[in-house]
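In what follows, a structure is listed as structure tokens, so that the remarks can point back to it.
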Amino acid sequence: MAETTPAVHSVLHAIRILELYAAQRRESLSLTEISKALGLHKTTVYRILRTLQQAGWMEQSAKTGKYYLGTGILLVASAVSVHNTSRDLLSEEMHRLAEKFNETVVLSVLLGHTGICADLAKSRHRLGVAGERGYIVPLQSGASGKTLLAAQPEPLREQLLQELEPDRTRQRILKNQLLKIRQDGYCISEGEVDQGVAAIAMPLRLKDNIFVLSISGPVDRLRALTYPVLRQGLAETVTRLERKSMLVEE
């Protein structure tokens, strides 16, 4: 076996650090926690963390000093998740829906405890929804995030609720909102995440993956299109995608 070079050692250590987050199911870890868990010197861990930060694969909390996964690694993970459910199939239907209403269509997924935009098909309007693949989708606000949270299995949903809303009163309000989303099968929001922006979202279940498909745009444009019409178009797309995914071979 060829001798492992220092550069290869660094790569292997970086992979072990990233895998540690999955193994411990922790959103953030301190330098000391990583060092102890992997049996690596703090200097080595710090150097690797700095490199991962520069690549956008790791970020550091200014408040706690702890490290959490960055949008770079989450974007890679979301690409894998979408690939496993046929990217071509999703992209075709998303662009068809975006073309139909000339508004942005967003595909969201939960990775760990973080909502991520896995893909999007943009509208042709000059004034539209800003954002690119990999942006963070807040789970406690907005149609996409709330629908994504509502669609999770109960044990995970309860765990996320505890993390997102420690305050019991606000937690109860959010829990009631999630119950309504599950009962209705969709969620509408206006100005919850970005001022002047509205969205309508529905859960999308493809094989073993839970996604959320949403239509987003300025409030006045979505109101003009009317939410019942948008809901119907969204529901038809979700039905087609779920039906087609059952026919796609592994």
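Cβ atoms are placed via backbone N, Cα and C, with glycine included.
Unlike curated entries, TrEMBL annotations are predicted automatically.
Across the range of the domain 'HTH iclR-type' (8-71), the DSSP-based residue counts are 39 helix, 8 strand, 17 coil. Residues or ranges marked as domain 'HTH iclR-type' by TrEMBL: 8-71.
Annotation source TrEMBL lists domain 'IclR-ED' at 72-250. This prediction places the mean pLDDT of the domain 'IclR-ED' (72-250) at 88.
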